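Trainee: Shown below is the structure under consideration.
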Amino acid sequence: MAGEGRRAEAVREGWGVYVTPRAPIREGRGRLAPQNGGSSDAPAYRTSLSRQGRREVRFSDEPPEVYGDFEPLVDKERSPVGKRTRLEEFRSDSAKEEVRESAYYLRSRQRRQPRPQEAEEMKTRRTTRLQQQHSQQPPLQPSPVMTRRGLRDSHSSEEDEPSSPTDLSQTISKKTVRSIQEAPAESEDLVISLRRPPLRYPRSEATSVQQKVNFSEEGETEDDQDSSHSSVTTVKSRSRDSDESGDKTTRSSSQYIESFWQSSQSQNFTAHDKQPSVLSSGYQKTPQEWAPQTARMRTRMQTSSPGKSSIYGSFSDDDSILKSELGNQSPSTSSQQVTGQPQNASFVKRNWWWLLPLIAALASGSFWFFSTPEVETTAVQEFQNQMNQLKNKYQGQDEKLWKRSQTFLEKHLNSSHPRSQPAILLLTAARDAEEALRCLSEQIADAYSSFHSVRAIRIDGTDKATQDSDTVKLEVDQELSNGLKNGQNAAVVHRFESFPAGSTLIFYKYCDHENAAFKDVALVLTVLLEEETLGTSLGLKEVEEKVRDFLKVKFTNSNTPNSYNHMDPDKLNGLWSRISHLVLPVQPENALKRGICL
């Protein structure tokens, strides 16, 4: 018991209260150096001599007031001006009103000396305020709802916004606008000690001034508060009855529907008092002036540019209160919004001239896009008409001839631009159908190019059979190149088997599947077999094999040297694969006279 008493006394005295306990010392470890700043051998932390191996600090159960280090949290808090806030006693309503009245007159003191014009204006405002106090309007009832919104906004603006030497806080009374300025810390301590800590919320980087404005046709008070110079903003509106009570009542800002106006903090409202469009100016307005002013304000909000955010709505029962929010906009800017619509109209007119070339380009492109299929459709229709006429003239031909040839050439006409390869049609016949073969091949080629109103190119191999192979090759190349470059899109080559063997290699250039010189053209080749007649019972595959074997005999033999300009079996196979896209037989026509086509 004695040891415990000594430890309790040790705890109560001096700095031992603040010593932080440490872990116990193990057995066999040396004692620590003195911790009390002395050179004595006293054990550290004032431990008992009977228990040197383990230190223990017993914390007392007594309340913290015993140690003398307890202070109320309210005293430790500092006011915004760095002064201790003393505890306030509860006062009666009349005493509170006196304190607030004194706070009001303390706020009314400005930091700078007013100019003569401003001093005269302040006198006018004071005279008007005294007249308002003797008006016969009944006293306003205090609002049953006390919102924290005003206190929160004012406190956040106090901490976030730097002070400005310009007076921005103004209160719009029933017929006048009064300014509320910075108040000393003594008058603000009352509200600080009673109110709850406000909630902080992020604000935009651009420092703005929030003003609460109420417009009323019945002459109600309009509260306009600015919190850049004061830590707590208390908006009071008073009205006295000349016959009854002279007591002052304080109305909370939540009784009105608030309207926030954000303006630049460095803007001085006294410079805008001369502008009739600014509603927060300091001169007196009659009720007749408020009505057109409100109408002009609504007009500005409706004609404002799209960049400004405007929110309409929330009118009171008498439609006198307008709730709006304009972001980062000074009063001078809002007064210039009336001219926004003509400027936008001229801007649209200027941009309209820039749109004309674009519209013209789109129109021409769409015309080209839609006209090209129309041209192709017309070319196909013209080809179909020509083929139907030929079918009526040459009635001795097999139906396969008309169906296959028409489908093949129509597909080529309908193919997309540029076309991948030319259309190669090979017609063959026996000796009895030589005239029909000539006439029909020429007329089919002309039908393909009938839309262009040009005649197909005609090359006859019988006229070149005895000429040199290289010469024939050069002549054929020139005839085809010149004709196809000049707008002709079809060519007919008669008696392909009569050409010199080496000269036929030129058709690699015009009949290739991928690398043809002209791909939007049609070539019609004819081969006359040595047989007297060609049976109608033969299939297309058999007819194709007959033509292939016949050309192989005509163009290759054992005496032909192997060279690049002479035909050989390998070159013939390559040529055949290019000209044999479609091989069709032609039957003789009894009504056809020699040398005259139908």
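Including glycine, each Cβ sits where the backbone N, Cα and C put it.
Annotation source Swiss-Prot lists compositional bias 'Polar residues' at 205-214, 277-287, 300-313, 326-341. Residues or ranges marked as N-linked glycosylation site by Swiss-Prot on the basis of sequence analysis: Asn414. Per Swiss-Prot, phosphoserine is recorded for Ser135, Ser143, Ser154, Ser156, Ser157, Ser187, Ser216, Ser230, Ser242, Ser320, Ser330 (among others). The phosphothreonine annotation in Swiss-Prot covers Thr221. The region 'Disordered' feature in Swiss-Prot is assigned to 19-254, 267-314, 322-341. Per Swiss-Prot, topological domain 'Nuclear' is recorded for 1-351, and the stated evidence type is sequence analysis.
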Trainee: Tally every other Cβ atom lying within 10 Å of the Cβ atom of Asn414 (N-linked glycosylation site).
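Mentor: So the Cβ neighbour count for Asn414 (N-linked glycosylation site) comes to 13.
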Trainee: Compute the average pLDDT of the predicted model within the topological domain 'Nuclear' (1-351).
Mentor: 47
Trainee: Quick check: in three-state DSSP terms, what is the residue listed as 'N-linked glycosylation site'?
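Mentor: Looking at the DSSP assignment, the residue listed as 'N-linked glycosylation site' belongs to a helix.
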